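What follows is one structure encoded as structure tokens, with my remarks underneath.
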Amino acid sequence: MNILIALIPALGWGIFSLIAGKIKNSHPANELMGLGTGALIIGIITAIIHPASSNITIFSLSLISGMFCALGQSGQFISMRNIGISKTMPLSTGFQLIGNTLIGAIIFGEWTSSSQYLIGTLALILIIVGVSLTAISKDKSAKLKMRDIILLLFTSIGYWIYSSFPKAITANAQTLFLPQMIGIFIGSIIFLLVSRQTKVLKEKATWLNIFSGFSYGIAAFSYIFSAQLNGVITAFIYSQLCVIISTLGGIFFIGENKTKSELIATFVGLILIIIGAAIQ
């Protein structure tokens, strides 16, 4: 049952990027605002069905972690439009894996034996090699630029904080979830204000992206449970199987072009990701 719960975030986080990518005339500001709104709605519904008590400290910290999540998501949406879903997601996954694995192993002490370090390191190597293979491109115009890498690396800090937060405090999932979704919504508003794109609130694409927010919100709720049941490292690695859904979806559903050799590299990379997640 714990593993099934760990796989729900992979499904939700894999699908939401495809929903956003399929909406016409959609831009990062539309996508982030729509996601924030949809996630907030899921948070409110969850709070009504499963009300949970909290205190000002836990509520405030949860809200801040949600705002950091919005930072991470803004980088993903911008990169998706610049270099495509099938390149963004593997690279983003790699950065997140490195950060969250180090946080889980060093700060939370989830690796306590030499065998755990050995197996965990092997799993991490397989997954990083896998995501690197999925990002291979022979088209010079489509190759990653340093600015794309720096953007994703910087914004991934938001994901590191958000992903590790459920393990940092003692509270149940229901207590954490609503304030985190409020934080994502507030973070989305801040993004619009800072980038001076408040006009997107009137655009159809923003409201259609609420459906991607529904998918994201369900995944986020499941992730909180998974992190508490399975530990940060295991929960995160399983959740990042979303890269399989988003990468293949970007190619076959969105229609992002890849040559035969690039497809082979992508499939090999995805297999390595699955193996790495399975042995973790």
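Cβ atoms are placed via backbone N, Cα and C, with glycine included.
Outside the transmembrane segment (4-21) by six or more residues, the chain places 31, 34-35, 76-77, 80, 85, 89, 209, 211-213, 215-220, 222-223, 225-226, 229-230, 234-235, 238-246, 249-250, 253-254 with a CB less than 8 A from a CB of the stretch. Here Swiss-Prot flags 4-21 (among others) as transmembrane segment.
Taken from Swiss-Prot, the feature transmembrane segment applies to 33-52 (among others). With a cut-off of 8 Å between Cβ atoms, the residues of this chain six or more beyond the transmembrane segment (33-52) that come close are 16, 20, 70, 73, 172, 174-175, 177-178, 180-182, 184-189, 191-192, 200-201, 205-218, 220-221.
The transmembrane segment annotation in Swiss-Prot covers 56-78 (among others).
Marked as transmembrane segment by Swiss-Prot on the basis of sequence analysis: 91-113 (among others). Listed by sequence, the residues of this chain that lie at least six past the ends of the transmembrane segment (91-113) yet keep a Cβ under 8 A from its Cβ atoms are 75-76, 79, 120, 124, 127-128, 131-132, 135, 144, 148-149, 152-153, 156-157, 159-160, 163-164, 167-168, 231-233, 236-237, 240, 242-243.
The feature transmembrane segment is assigned by Swiss-Prot to 117-136 (among others). Within its own chain, the transmembrane segment (117-136) has Cβ neighbours under 8 Å at 86-87, 90-91, 93-94, 97-98, 101, 105, 111, 144, 233, 237, 240, 243, 247, 262, 265-266, 268-273, 275-277, 279-280, counting only residues six or more beyond its boundaries.
Annotated transmembrane segment per Swiss-Prot: 149-166 (among others), in sequence order, evidence recorded as sequence analysis. Sequence-distant contacts of the transmembrane segment (149-166) (same chain, six or more residues past either end, CB-CB distance under 8 Å): 61-62, 65-66, 68-76, 78-79, 88, 91-92, 95-96, 99-100, 103-104, 107-108, 173, 176, 180, 223-224, 227-228, 232, 236.
Annotation comment: Swiss-Prot describes 176-195 (among others) as transmembrane segment. Nonlocal intrachain contacts for the transmembrane segment (176-195), taken as residues 6+ away from its ends with a CB within less than 8 angstroms of a stretch CB, comprise 29, 32-33, 35-37, 39-40, 42-44, 46-47, 52, 54, 58-60, 62-71, 73-74, 162, 165-166, 169, 201, 217, 220-221, 224.
Residues or ranges marked as transmembrane segment by Swiss-Prot: 207-229 (among others). Beyond the ends of the transmembrane segment (207-229), by six or more residues, the same chain brings 2, 5-6, 8-13, 15-17, 19-20, 23, 26, 30-31, 33-43, 46, 69, 163, 166-167, 173, 176-177, 180-181, 235-236, 238-239, 242 to within a C-beta distance below 8 angstroms of the stretch.
The transmembrane segment annotation in Swiss-Prot covers 233-255 (among others). Sequence-remote contacts of a segment are chain residues at least 6 beyond its ends whose Cβ falls under 8 Å from one of its Cβ atoms, and for the transmembrane segment (233-255) they are 3, 6-7, 9-15, 17-18, 21-22, 84-86, 89-90, 93, 96-97, 100-101, 104-105, 110-111, 120, 123, 127, 131, 134, 163, 219, 223, 226-227, 263, 266, 270, 273-274, 276-277, 280.
According to Swiss-Prot, the feature transmembrane segment maps to 262-279 (among others).
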